[in-house]
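Following this message is one structure expressed as structure tokens.
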Amino acid sequence: MEDPMIKQVPMTSEKSTVIRYAVLGFALLLSTSIYCNQQALSFTGFSMAIAFVSVGAITSHWSALREAGTYIAILSCSPQLSAVLTMPLASAFCESSLGWRYLYYSLGAVGLLLSATFFFFFTNHPRKHRLVSPKELSAITRGKEGQSVREPAPYKEICKDRCMQAVLLTTFGGNTAFFIFLHFGPTFMNLALGLDITETGYATALPYALCLALKFVAGPLFDISTFIPEKYRMIMFASISQGIMALCFCILSLTNNKLIAQVAYSGAVAFNGLNIVGSIKCAQVVARQHVHFIMVCITVVGCVICFVLPGIVTILCPHNTAEEWSHLFLGVSVFVVVTNIPFLFLARSEPAPWTKSTTKYKINIEQGFKSIGDAEKSLSKPNFAAE
């Protein structure tokens, strides 16, 4: 379900929603109370969910259609960037006399600072931003003329769309693999491979740094590779991502060599990030102004994975031996391949029929409104053409 604080129109209240949850979550991290720390986990969880939904919504509003791949790649870097920063910090604080409490203090203070920066610089729509020129605004809105600013999401049609089902399925497989490494990667490195705590922190951060680098390359590469039809570009990036990740999981299940295991671990995490340019780009192209609902569904699936995964890992790897982890990795490898197959045949690169306006009046977003609210107040004026 969508957060009740986010309205039907994507982005109309997103700025305030992100700030509200982020400030509450990071402020509670500064407290020493166990109750406050538990509440902080809840609020930061909400913030992460909203951040992922915002990838689609911000891209829909702020990017030109031909630059959407770059926007999606950059905006989706937060999980990798946070892992790169927090894992070495956590290992350093854990080994020092300061302990975990000062790690929470540090992250809470940085989070509040970043939230304040977001509040002062971000606007819900480029039309309202003082630094966006008319020329830039024209480039951003080109090709989006038929989108309604107040169109209810056609939930039934979206859920029945085969392409959207394939997107959800491939992200389900990819996120399952990603969350195994995000939540249990340090455990695998420390107990199965025998690395100490400090080495584990840096060894688990390296793959996410590689993933960041790949995303920064993959987004622009997708947008400039116009000699390949967009549909096949999306399939190609998704296949490379999921295929190499599955291969790396398979290698992890078969090797006892620490170096090979580290390389395979890094490759699996790094190439997982490419799928955002494949499947999520497909969702953005097909769903257009309703992409926020797809992102909500992906977020819900991710929450279910995070809820179920610890139990599965506990059952399959009760003693955290290399042999137990090899069985888990082999199963994940097969699962990733199977969940990616439908996307190869069902991916599309054209807007779905349910993205077309079905209301009595269609709003042209290039008519000069300064905000969505101005457009809504003008619905009864004669400068809107009735269909």
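Every residue, even glycine, has its Cβ placed from backbone N, Cα and C.
Annotation comment: TrEMBL describes 18-35, 41-59, 71-90, 102-122, 166-185, 205-222, 234-254, 260-280, 292-316, 328-347 as transmembrane segment.
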Look at every Cβ pair spanning the transmembrane segment (205-222) and the transmembrane segment (292-316), keep those 6 or more apart in sequence, and say whether at least 3 of them are under 8 Å.
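They do not touch: fewer than three Cβ pairs between the two stretches lie under 8 Å.
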Any contact between the transmembrane segment (328-347) and the transmembrane segment (234-254), i.e. 3 or more CB pairs below 8 Å with pairs at least 6 residues apart?
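These two segments touch.
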Establish whether the number of Cβ pairs under 8 Å between the transmembrane segment (292-316) and the transmembrane segment (166-185) reaches at least three, counting only pairs separated by 6 or more residues.
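They are in contact.
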